[in-house]
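Engineer: The following block contains the structure, expressed as structure tokens.
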Amino acid sequence: MTFNYSAGELTVRGHKIKDIAAEFGTPVIIYDETYMTGMMQKYHGVLKRHNIPYSVSYASKAFSSVQMIKLLEEQNMELDVVSVGELYTALAAGYPVRNIHFHGNNKTPEEIEYALAHGVRFFIIDGLDEIELINTLASRLVEDDLVSVLIRINPSVEVNTHDYIATGQEDSKFGLSLSNGAAKTAIDTISNCSKLEFKGIHYHLGSQLDDSTPFINAITNVYAWLDEHDIDIEILNMGGGYGVRYTDDDVRFPIEEGFDAIIGHLKNVVAASRGGRGQDDGRDDGREMPHIMIEPGRSIAAESAITVYEVGTVKDLPGVARYVSVDGGMSDHIRTPLYGAEYEIIPVAEDDGDSGVSTHVVGKLCESGDIIGKDKNLPAELSRGDLIAVRTTGAYHYSMASNYNQMRKPAVVFVSESGVREVIRRQTLEQLIENDVR
Ligand code: LLP
């Protein structure tokens, strides 16, 4: 585990959390940079050992910032963006535009124009009307180049996750259906577009998946469909969604065995597939292994960070509950109010174990639903000024933060063996009204 107690103090890579909190204030999101690079290397390692063409494309929606993007570039990671804002962040970090993939179920004409003008040459098509739009804009903005496109499809596989983060099913705002003909129509339309080059298939089955079964089923369904329509692909992008451990009840996606199983299955399916070509045309040239792309977000960032809060009001309701309020809340921790997500919450100064005192940790925003965790086992003597840490807040926390109640977005710090550095400063009061007309 990356954040450990040492001599009674929570630490990361030899640095005391309480010292980091004192320097940068609270709430603060503290990342173990070394853990993150380790995760990036783990994905590279497992795919490399299968001897296949591949790329690992980080889903920047999980957590994006200039320093994060620089780290991704150093680690040979490609990048997914879903908005002009994510693209802008990547470009501001000097990230090579050729490795950026533009996603989204409603890319606006302005976004497509901006992306093309800045050199993005890789789009994931999510709807039929977008094909013509990208082609037309590319005809105007792109001279000697073609724009590579994948189509996002729904492979219709069951996944076991929260409804809000399941995406690969038929009834979804994302992707093109295989069964109703939309995906095939998309490919036919692309083949008539002078500026677009069809490269392959993308799907994202959902998030926080804990085993390889849905990925395996998706490969089976997709190749059956490719065979049926005699479609060749160069790239197969299986999306992200590899689960992490928020609490003891969660099972991490087993990256090594999981990909061994997925890639093993893919190799078999590819070898057995004839691309739908009948024997009568004299061809029996099976398919080649596609270039594999995966798009992990959460599994790289989530477990690498904690959020540290300072305790304020402690309200004891004898026989009912103890409420501990902290100096942040749903403005930086929306996943519990939104999905009922559970987290592990621990004191920054080590406690002797089970205090037997059940505590509701709540934020300071004006909503009863502003809950960080219910029935947590925290020290009996917790009081104003103490620090507590919420584990596994590296993904979909800062990126989903809001200014509700005019809360300022927290500071973000990266820690490695070589030191502690602030990568995002806490928002200032002035920034809260910088766009206000006065
Ligand atoms: N690729 C695509 C096309 C995606 O839509 C997503 C996530 C990913 C990759 C990365 O998935 P990951 O590896 O991070 O699970 N706000 C929700 C998560 C929404 C995820 C949406 N798409 C949450 O906090 O759980």
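A Cβ is built for glycine as well, from the same backbone N, Cα and C atoms used for every other residue.
Small disclaimer: the values here were computed from a predicted structure and weren't measured.
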Engineer: Since TrEMBL lists Glu295, Pro296, Gly297, Arg298, Tyr396 for pyridoxal 5'-phosphate, which candidate among Gly206, Gly241, Gly340, Gly353 does it give for that site as well?
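Structural biologist: So the pyridoxal 5'-phosphate site in TrEMBL includes Glu295, Pro296, Gly297, Arg298, Tyr396 plus, from the candidates Gly206, Gly241, Gly340, Gly353, Gly241.
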Engineer: If one looks at the chain holding Gly297 (pyridoxal 5'-phosphate binding site), which residues at least 6 apart in sequence have a CB under 8 angstroms from its CB?
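Structural biologist: Tyr58, Ala59, Ser60, Lys61, Ala62, Phe63, Asp80, Gly240, Ala395 - these are the non-local Cβ neighbours of Gly297 (pyridoxal 5'-phosphate binding site), listed in sequence order.
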Engineer: Pairwise over Arg298, Arg335, Tyr339, Glu367, Tyr396, annotated as binding substrate, what's the top Cα to Cα distance to the nearest Å?
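Structural biologist: It comes out at 27 Å between the most distant Cα atoms.
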Engineer: Which one is it: of the recorded positions Gly241, Glu295, Pro296, Cys366, whose Cα lies the shortest distance from the Cα of Tyr339 (substrate binding site)?
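Structural biologist: That would be Gly241, the closest of Gly241, Glu295, Pro296, Cys366 to Tyr339 (substrate binding site).
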Engineer: Residues other than Gly241, Glu295, Pro296, Gly297, Arg298, Tyr396 within 8 Å, Cβ to Cβ centroid, of the pyridoxal 5'-phosphate site?
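Structural biologist: The answer, listed by sequence position, is Ala59, Lys61, Ala62, Ser207, Gly240, Tyr242, Ser299, Ile300, Ala301, Ala395.
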